[in-house]
Amino acid sequence: MAGHLASDFAFSPPPGGGGDGPGGPEPGWVDPRTWMSFQGPPGGSGIGPGVVPGAEVWGLPPCPPPYDLCGGMAYCAPQVGVGPVPPGGLETPQPEGEAGAGVESNSEGASPDPCAAPAGAPKLDKEKLEPNPEESQDIKALQKDLEQFAKLLKQKRITLGYTQADVGLTLGVLFGKVFSQTTICRFEALQLSFKNMCKLRPLLQKWVEEADNNENLQEICKAETLVQARKRKRTSIENRVRGNLESMFLQCPKPTLQQISHIAQQLGLEKDVVRVWFCNRRQKGKRSSSDYSQREDFEAAGSPFTGGPVSSPLAPGPHFGTPGYGGPHFTTLYSSVPFPEGEVFPSVSVTALGSPMHAN
């Protein structure tokens, strides 16, 4: 870089120089790197108007320093109304209008603004934000249709004598999926979401058709209701019967099938009820015995704290040990800080006899 600049200085006059000497360059030519690096301040000595006008003449900011040169070329951002510096030198200045137009066209064609949004983008956003009137009309029509069908379903159900739970069970018989009474109630009250209403509508429509055409649907629904009730049946035993079962369990915790049938006949219960009760009672006894054994093991292990025995806090005053242990002793309190002299408990006289006695 230094060699190039030295060679340029040898053939280029310094700023403010004449350049008319022998062997000097022509008055209309100057090296761009030398011109960039030797621009004078405004009002000072610089390149004369006969050679090339400087940046101060045009009112432009100074170009970057020489170390920003890339490949021997000085880079300046294209300015509107100013012609670019040709790489070989400046031969003739271009008019401002033509130069400005050329720069604008080159800048627009070479480096378009990447941040500029396309012209059609706002239109697309507006189209997305604005709802389609046809779709809104279709949704409103579907909502009205669902409202009318919900009213029809409720009227048909009440007329045929079905409950909401019966409708759910019948759907399970017809389509293999049982719906709860809450779901049917929310459908009739239009409390389900629009999506769930649309999913449930075809199934209920088929139920309405089957209810009109199939006379045995009521019987099928009753049979399914009995099956579901048997599955969910919860047995309740009276206290008197439970007491008799408890006494029999103490005598024989695991009765045979004959004994179970005999007990069921005596108490007026079903065999399965008696059998299940004895099974549950044995499991309960196992759990209680395991809990008791765990508690005994914990007590036998003792305190988890290491060290000597931990004394329990007792009432203040002297406490005596067992006879023959070594005389009376005092139970250690939790606090190791001695009492003040003014608050010491009154001393109690102790008579050493065969057995410890409290003094009056």
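Cβ atoms are placed via backbone N, Cα and C, with glycine included.
Among the features that Swiss-Prot reports, DNA-binding region is placed at 230-289, with the record citing sequence analysis. Annotation source Swiss-Prot lists DNA binding site at ARG157, GLN164, citing similarity to another entry. If you look up Swiss-Prot, you'll see 123-137 marked as compositional bias 'Basic and acidic residues'. Annotation comment: Swiss-Prot describes LYS123 as SUMO cross-link, evidence class similarity to another entry. Under the heading region 'Disordered', Swiss-Prot lists 1-48, 86-137, 287-322. The region 'DNA-binding' annotation in Swiss-Prot covers 180-186, 193-196.
Annotation note: GLN164 (DNA binding site) sits in a helical segment as assigned by DSSP. Beyond its flanks by at least six residues, the region 'DNA-binding' (180-186) meets 163-165, 167-168, 192, 200 of its own chain at Cβ-Cβ distances under 8 Å.
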